[in-house]
Structure formats: C-alpha cells, structure tokens
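K.L.:
Structure provided below as structure tokens; questions to follow.
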C-alpha cells in the first residue's frame, strides 16, 4: 500500500514537476502562516473595502426582498407563459456553484488526491454560502414567503400533506439535506483547526470563542482515529449526495412534459454542468485569494493546473449534452422538440444560445494549452467566462422551453426587470459578504490537513 | 473517554506527560508504552498519525456500525413519511393509479438516508470522544497548547493500575521523551 502510493505520487510528481506544497515548510511554519491570516490584529484596507461593498449589495437584496413581499412576484418579469424566470435560473446556477466544494472535499478525499488539501476548506465554505443563496430563491418565488412551511411534511389543521411524487418537493429534501450535510462536513473539518486557533489566540475573546467552537478538542490519538473515521464516512456519503442533489434539480425539468425539458439526459448533464461551474467558481475565488494573502506555497500552480483540467473535462461533458440535445431534437421526429431546437438556435433568444456555446464549449478549449493553465490571470478570465456561460445555459433552458410551447396562441417573451437583476446582484452580495467574513475569522486552508500532508511527504522521503 | 471525569474521589494527579521529538518517535514510544503494560494512556499529535491509536491498544471504533444504523433509520423514516402521507393520511386517486407509487418515493428516501447517516457520523464521533469538554487537566500545562500546533506528547494517566509517578516519568524518559511534566488534576 505504502509503496504503490508513493510510486503513484512520484509518477504524478514527475509528470507535473510542481509540488502540491512548496518545499521548506515545517509543522510550525504551516500553522503560523495559515493562522496568521485570522489572528492578526486590525483589518486590512482591502478586506474592509470588500466587506463594505458586499455589505452594500446585501442591502440591495434587502430592499428587493422587502419590495417583493410588499408587492408580490409581479415585480419580476415572470408572466404567462414564462412562470419560471430568474428565480429558477439563479437557483440552479447557485446550487451548481456549490457542487465543486463537496466534490473537491469528498470525492478527491476518497480518491486519495493530495492536491485537494489546500483548497477544500474554502471550497466547502463556498458550497455553504452558495446553497444559502440558492435556497432563498424557491422561497422568494413562492410569493407568499411566510407560508413556506406548507412545503414541510408537518401535521396541519387543513389535513393536507405535501405531494411526495413532485420533483419540487424532492428539491426541498435534496437541498436542505445537502445544506445540512455540507455544514456538518465543513464544521467537522474545522474542529481541530479551531483548537489550533484557540491555542494561538492572544485576545481573551478569541481564546473563549475558538475554545467554545472547538468543543475542547485536545488532539488525542484516540480522538483523531474516530475523527478520521467520521470524516471518511462523511465523504463517502456526501459523494452520492452531490450527484443526487443536482439530479433532483435536473428532475425538476425532466419530469415535466415541456419540449426541451422532457429529456433523460438532464440529470447527468446537470451534474456535469454543476461540477464545471463549481470548479470555475473555486478558481475565480482561489486566484485572487492566494495573491492577496501570499498563499502560493499552499495553493500552487499545480492546483490551478488540476482544476483547469477538471474544468476542461466537464466542459466537454456539457458540450456533449448540447450536441445530444440537438440530436434528440431532430431525431425524435417530434414537431415540438424539433421546433424548440431550431428556436433556440435562430429564435429571439439565439444570442443567448450562441454566447453559451462560446462560453462553455469554445472558450474552455484554450485549457488544452499548458501555458494557459499555468497562467493565473488567463485562467481567472476563463473561469469568469465559464460562470457566465453556465448562467446563460440555465437561462436558455428555462426561458426558451417555456416561452414557446405547444400552442402559438400562448407564446410570449420574457424580459427580466430591474427587480430581477437587483435580487440576483443582492445574492451575489450575500455570497461575497459571508466569504469575506469567513476569510477573516476562520482558516481558509485546512491547517491540520496541511500538516498531515507534510507528514506524509516526509515519510515518502524516508522511504 | 467520558470516564475521565465524574469519579467520586479524584486523585490529585492526572498523569505524567512526556514530549517526543516527532511523529516517528511518538509512534515508536507508543508501542513501548503498550509493551510495558500501561493501559490508561493517550498520545497527542497535531495531526492524525496512522496507527498511533492502535499502538496504544485502542479497540476498533464502533462508529461505522452506528453510521449504518443511522442511515437505515433515516431511510425507513423517509420512506415511512412518504408512505404515510401518500397512502394513509392523504391518498389521492389520480386516474386509478396505485397510491403506493414507491419509485417516486426513492429520492426523498435516499436524501433522508444520507441525512441520518451524516448526523450520526458527526454526533457519534463527538459523543464517543466525550466532546464537548471545555475543561481538561492537560489544558493547564502551558506546553500542551503546542499539541494542536507542532509538538507530540504521550500521557500515562494516574488511573492506570501500574501507575507510579516516579516510575512512569522515568519510563517516559527512558523511551526517548525530551521533556516530562506531571499533570495535576
């Protein structure tokens, strides 16, 4: 086991030539460098500026939601025939972004990929915050937000129970389970690091807060063993969970009989798209983060290279989905499917469709070039393009399918309103605001796992 | 590990704590502590060290079994909920289709299975470890704060039948401890 593992490691190391952890580190230096981001006194100007801007955006959301509650969903652009507007587009977009976090943490942990260690913590945080943003949308889309508990299977005076055959109810269970499990996974991984912060904190408030949060963790070998077992089990059950959540989101569409949605391809195609957009978001966040806090020793070019490769692979899977949609459209010999496919490409929303092909299929092809994968700036630009592309994909799926269905008499157009955009921008604000707080008060990189990585690399040198 | 506290008369001494140079020395020392017959011991390292708990004689953890039970319970609860709502409490006859449409209940059952297993994994880990425990005698030792950062320790606890303060300290030194401290309760 040990030899095959090290053989494998040296083989990949030789191929990549870039280490996952820069040489010359000790347990102490890793601990110092990562925890110093949290434990320095005062706040840097850049951080305060970012926090302030994102806080303003949170206020935009607040105003939008208050106005929504006061006036109803009519302030959005949704109408007959497009009853699912931005609310679902952005819900799916955020849930998709959340997926890379669990994937990096869980799947790569099970696959024994050492490069996951430096990015899993903030990828998991990103997951949580993205799911928070996503979760708001179905509630807001209800219009009567205060009645959201009707979705819960709880006894009520009307004697009515939710419809368990509906994908929309499956969504309630899938997303809330996903959020709970993501939180548990993230927090469990944080416990040893919170203990480190407790032991290093200078201020009384810091010692007390991190002390309470770390549950009195004392790094005991017997505890570590149960911790490892729990962490691995969580990874094992989170992996099918990630797949199931976006599959259920795919079911929201595929279970209906609307042309363009009624498609068995949807669940896997949605999962691939989620991984693609999730990795794009991890890159979008990791590249500025490592520059701002000087984390190049931990988030090396090797990480960027690997994430770029995952993006390229999932971009190809998503592109396969696009090709198949067109193929099914024409091969099905179904007039409505055929018309929908044509309408997507040359109809009123054709610019959105072609931009999506440009963003999700053509732009990522640049990632075949190693030089581009190793250039943080270019990679960051491609990641942003991918985020936009995945947003456009959801827009095209939701809007083009609904706006022209079976009867030309019921056709119509969807135009997003000011409030559609302000709500969307507001959720981006919530995401960034939580992320800024996270960067300042919790370790962005898992400290104990970095020490473990160092320990394993040292063992490897001894052999 | 919850039996560390709550005994009627607490001995004045918690144990002796020896510090070791690195993970390899710690592991070697753990084997020697076990061979010398000490049972009530624990090792402290800033990261999981493979085989360390086993070296000290820890038994297999029950956690995977508990997680299995949690998952089974979650799955049954989820399916039961769907079945109760759709078949017993609020059956709807839609075109004469059966009310127990079990394939449609699978997504919810699957999610609750995962939820049950995940919650059991985390709460089970904490409960078996006896956490949360905000106070512990070891936290009074200033050097021990390094256990979560960069240093390695073994503690022989006073509850051990073989325990003798002087003998245990000497033993820890003899197996390579760089520094030995007594820990008061």
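If you go along the chain as it appears here, the first residue is 1 and each next one adds 1.
Glycine residues also receive a Cβ, built from the backbone N, Cα and C atoms like all the rest.
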K.L.:
Transmembrane segment per TrEMBL sits at which of A:206-226, A:269-289?
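P.N.:
Among A:206-226, A:269-289, the range TrEMBL annotates as transmembrane segment is A:269-289.
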K.L.:
Out of A:47-70, A:82-111, A:229-249, A:310-331, what stretch is closest in contact terms to the transmembrane segment (A:421-442), meaning most Cβ pairs under 8 angstroms?
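P.N.:
When the Cβ pairs under 8 Å are tallied, A:47-70 comes out ahead.
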K.L.:
Counting CB pairs under 8 Å, which listed stretch among A:47-70, A:82-111, A:123-148, A:168-190, A:269-289 touches the transmembrane segment (A:229-249) the most?
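P.N.:
If we count Cβ pairs closer than 8 Å to the transmembrane segment (A:229-249), A:82-111 scores highest.
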K.L.:
Honestly, do the transmembrane segment (A:82-111) and the transmembrane segment (A:47-70) touch, with at least three Cβ pairs under 8 Å and pairs 6 or more apart in sequence?
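P.N.:
Answer no, regions not in contact.
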K.L.:
Give the one range among A:123-148, A:168-190, A:310-331 whose Cβ atoms make the most pairs under 8 Å with those of the transmembrane segment (A:269-289).
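P.N.:
Between the candidates A:123-148, A:168-190, A:310-331, the best contact partner of the transmembrane segment (A:269-289) is A:310-331.
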K.L.:
Residues of the same chain, at least six outside the transmembrane segment (A:310-331), with any C-beta under 8 angstroms of its C-beta?
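P.N.:
Same-chain residues near the transmembrane segment (A:310-331) but 6 or more away: 260, 263, 265, 269, 272-273, 275-276, 279-280, 283, 337-338, 340-342, 357, 360-361, 364-365, 367-368, 382-383, 386, 393.
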